[in-house]
Amino acid sequence: MYDLLKTIDDPADLRRLDRRQLQPLADELRAFVLDSVSKTGGHLSSNLGTVELTIALHYVFNTPDDRIVWDVGHQTYPHKILTGRRDGMKTLRQFDGISGFPRRSESEYDTFGTAHSSTSISAALGMAIGSKLNGDDRFSIAVIGDGAMTAGMAFEAMNNAGVSEDAKLLVILNDNDMSISPPVGALNRHLARLMSGRFYAAARAGVERVLSVAPPVLELARKLEEHAKGMVVPATLFEEFGFNYIGPIDGHDLDSLIPTLQNIKELRGPQFLHVVTKKGQGYKLAEADPVLYHGPGKFNPAEGIKPSATPAKKTYTQVFGEWLCDAAELDARVVGITPAMREGSGMVEFEKRFPERYYDVGIAEQHAVTFAGGLATEGLKPVVAIYSTFLQRAYDQLIHDVALQNLPVVFAIDRAGLVGADGATHAGAYDLAFLRCIPNMTVMAASDENECRQMLHTALQQPNPTAVRYPRGAGTGVATVKAFTEIPLGKGEVRRRTSQPDGKRVAILAFGTMVAPSLAAADALDATVANMRFVKPIDAELVRELAQTHDYLVTVEEGCVMGGAGSACVEAMMEGGAVRPVLQLGLPDRFVDHGDPAKLLAMCGLDGDGIAKSIRERFLNHAANVASPAKRVA
C-alpha cells in the first residue's frame with residue numbers, strides 16, 4: 001500500500017518519476033490524506049480537491065527555490081506529505097505535532113505562513129519583487145480559492161502586481177465554487193453570468209437534446225461550455241489588472257495541468273491560471289457534502305461522519321444562533337451579518353427563517369463592520385457574528401466607522417481564547433485588550449451558556465457598540481433560560497466568599513471562561529471568586545470593595561495579559577486608593593501552538609490546578625493550603 005508514495009521524501013523524488021506514474025501517485029496520495037484525517041481530524045474536503053494541483057506544482061517547479069504560497073493554507077496536507085512530512089501526519093494539529101497550516105518554522109517548503117484568507121497574492125508578489133531585487137531567477141506562485149478572491153486584499157495585490165511587468169509571478173485561482181460557505185457577491189455572479197443567462201440556458205438545453213444521441217459530441221460541447229465560462233472574465237477583469245489569463249482548465253487532469261504549467265514557466269510578467277477543482281474529490285461522501293467534511297473530527301471513512309449517539313453539551317455557537325433567531329422574532333429591526341462563516345458562526349437557521357435579514361458579505365471583514373455601521377444609522381439593529389481572530393482584520397473600521405460615531409452595533413465574538421487544533425493563527429487572544437481601549441465600547445465575557453444568551457440580549461439594548469465574547473466548543477452544561485433578562489451594565493457578581501483570616505484573604509477576579517477554573521482553584525485555597533462579566537465598563541466598585549476586604553487580588557482571563565481585563569482591574573484599584581498586591585494571569589506573551597484545548601490551558605497555567613499553583617507560589621508561600629468548606633454565592 002502506498003508503494004509510490006513511500007518513495008517520495010521530497011519533491012526531488014517526485015520529479016524523478018515518469019509522467020505515467022503521477023496519476024497512480026495521486027490516487028495513493030488522496031487515499032493517504034483520507035486515512036490520515038479520519039484518524040486525527042482536520043480539514044478534508046479542501047485537501048482532497050488539491051491533490052493533482054499539488055503534484056503538478058512540485059513536479060514542474062523547482063521547489064523550494066521556486067516559492068509556493070497557499071492562501072488560507074488548510075488545503076496543504078498533500079503539500080506537507082510530498083515535502084517530507086508524510087510520517088508526521090499522524091500528529092497533525094496535535095500538541096507538539098505538525099500544524100494544519102503552512103509554517104515557515106516547520107519546513108523550507110512552507111515559504112510563507114498562512115491561515116487567514118486572501119493574503120497569498122500580496123506575499124507572493126513581495127517574494128517575486130524581492131527575488132528580482134536580489135538577482136534571483138525564481139517563480140513565486142500564489143494559490144488562492146474562489147472564496148478568498150472576493151476579499152479586497154486580493155484585488156489590492158493584483159492591482160499592484162499588474163504593473164510589475166517583469167515579475168515572475170503566477171496566481172492560480174483554485175475555483176471549486178465553494179469556500180466554507182458558498183462564495184457570494186458580484187465577482188462570483190460575474191463568473192457565472194454567461195452560464196446562467198436565459199438565452200444560453202435555453203440554447204444549451206436545445207443543443208443537448210439534439211446531441212443526446214451522440215455522447216462524444218455532447219462531451220465536446222460541455223468542454224466548450226467550460227471554456228466559454230472563462231472567456232467572459234479575462235477581457236473585463238483579470239487582464240485589465242495586467243495579468244495574462246489562462247484557463248479554465250481541469251484541476252484534476254494532470255495531462256492538462258503539467259503542460260500548462262511548463263508553458264507558463266517560459267512566460268514573463270504576471271500570469272493568472274484558472275483551474276477548476278472539486279472539493280472532496282475522490283471520496284463520494286465529501287463530494288456530496290463538502291461543508292460537513294470541511295473540518296471533521298475522527299471518523300470511519302467506510303461509514304462517514306455519524307451523529308453523536310449521546311447529545312453533547314450545547315455549544316456557545318449554538319447558543320448564539322438560537323438567541324439571534326429569538327431576537328429577530330421579537331424585533332424586526334434585528335439583522336445578522338457574517339463574513340463568509342454561516343455554518344461556523346451558527347447562522348444557518350437564521351438564514352432559513354429570516355433570509356431577508358441575513359447578509360453573508362463574503363470574506364470581507366472590513367466591509368462587514370462598516371456595512372453594519374451603515375445599517376445602524378437607519379435604525380436597524382445589526383449583529384456582526386465574527387471570530388475573534390478575524391475581527392482583527394477590521395480594527396480600523398471598528399474604531400473609525402462604528403465606535404467614533406457611537407453606532408449601536410452588536411459584535412458576537414466567537415472563538416475567543418484558545419481554539420485548540422487550529423492553533424495560534426485562529427486563537428482569540430487579543431480582543432479584550434484591543435476592544436477595551438476604544439471609547440464608547442461595551443465589552444462582556446460570558447462564563448456559561450445562559451450568561452452568554454443574556455449578555456447578547458443586553459448588548460442588543462445598548463445605544464452604543466457592544467461586544468460579547470465567547471469560546472469555541474461546548475459550554476459548561478448550564479441550561480439556557482428562554483426569557484430574556486438584561487444584565488445590569490458594568491456589574492459583576494461574587495460567586496464565592498473566603499472564610500480565611502486577615503493576611504491570607506485572596507480574591508480572584510475572573511472573566512468569562514476563567515470563572516469555572518477559578519472556582520476550582522478557590523475551592524482548593526478557600527478564596528473569594530468574582531465573575532466580573534464586564535471588561536468595559538469594569539465594575540470599579542466591586543474591584544475596590546474586594547481590594548479593601550482582601551490581602552491579595554488575582555485576575556484571570558483567557559486572553560493576553562498586557563492591556564487586557566486584568567489591567568482594567570488594576571487601573572480601577574489604583575484609582576480607588578486601596579492598593580493590594582496583584583497577580584495577573586492570562587495567556588503568555590507568545591503565540592500558543594495547536595493542541596487539545598484543555599492541555600493548552602493547563603500548559604498556560606489556566607486550569608484550576610494551575611491557577612491555584614500560581615497563587616500559592618506568589619502569595620501563600622506553600623503554607624495553609626488546606627481548604628475550608630466552599631462558600632459560594634449564587
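Heads up, the Cβ atoms here are built off N, Cα and C, so glycines get one too.
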Out of Glu351, Glu356, Glu365, Glu378, Swiss-Prot lists as part of the thiamine diphosphate site with His74, Ala115, His116, Ser117, Gly147, Ala148, Asn176, Tyr283 the residue Glu365
Rounded Cα distance, in Å, between His74 (thiamine diphosphate binding site) and Asp146 (Mg(2+) binding site) is 14
Sparsest Cβ environment (other Cβ within 10 Å) among binding-site residues Asp146, Glu365 belongs to Asp146
Among His116, Asn176, Glu365, i.e. the binding-site residues, the one with its Cα nearest that of Asp146 (Mg(2+) binding site) is Asn176
His74, Ala115, His116, Ser117, Gly147, Ala148, Asn176, Tyr283, Glu365 bind thiamine diphosphate per the record; greatest CA separation between any two, in Å, is 33
All chains considered, the count of other Cβ atoms within 10 Å of the Cβ of His74 (thiamine diphosphate binding site) is 23
Glu365 (thiamine diphosphate binding site), DSSP three-state class -> helix
